[in-house]
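Report on the structure given below.
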Amino acid sequence: MLRFLNQCSRGRGAWLLMAFTALALEMVALWFQHVMLLKPCVLCIYERCALFGVMGAGLVGAIAPKTPLRYVAMVIWIYSAWRGLQLAYEHTMIQLHPSPFMTCDFMARFPDWLPLGKWLPQVFVASGDCAERQWSFLTLEMPQWLLGIFAAYLVVAIAVVIAQAFKPKKRDLFGR
């Protein structure tokens, strides 16, 4: 299996699949926001940014998957999945154990050189409360689903990094 993961990491298909899954999750988030009229909170916006990081890692890995650039993509992937996992956990704890002392910010804070809230306010402006439970599916709230999604991204990323030590088998058609 590790050889297979190594082989997949050297092809564009797996990287593009990862970018596509993150894009699909972003589209679902925008559907919830603009069609179902759910208000995203600050942690939702940060989790959305972590998903953009996973998508960016997929695109970076797809550029040149047979070169060392894929290691840069793996670092971005692991960092984004880890930060997303942390944010989803914090968001889940705020929802499961609401407290007036543990709240999220009123607006998302982005660096001055990357004012996403000004560039794309439809995507990056928060208007909801982190403790409010707006949506659930199969008894899980949205941050709990994101906890599982980011955990899956992180587990697969770690497996792919470990798989880099196992060289893929060379396919020899005639067995020489």
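Just so you know, glycine gets a Cβ as well, placed from its N, Cα and C.
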Using the record from Swiss-Prot, pick out the residue from C41, C49 that is joined to C44 by a disulfide.
C41
Based on Swiss-Prot, are V42 and T67 on matching sides of the membrane?
no
So C130 is in a disulfide according to Swiss-Prot. Which of these is its partner: C49, C104?
C104
Any idea what the Cα distance is from C44 (disulfide bond) over to C130 (disulfide bond), rounded to a whole Å?
8
Mean pLDDT, the topological domain 'Periplasmic' (90-144)?
79
Cα-Cα distance linking C41 (disulfide bond) and C104 (disulfide bond), given in Å to the nearest integer:
8
Calculate the distance in Å between the alpha carbons (Cα) of C41 (disulfide bond) and C130 (disulfide bond), and round it to a whole number.
5
Secondary structure at C44 (disulfide bond), reduced by DSSP to three states:
helix
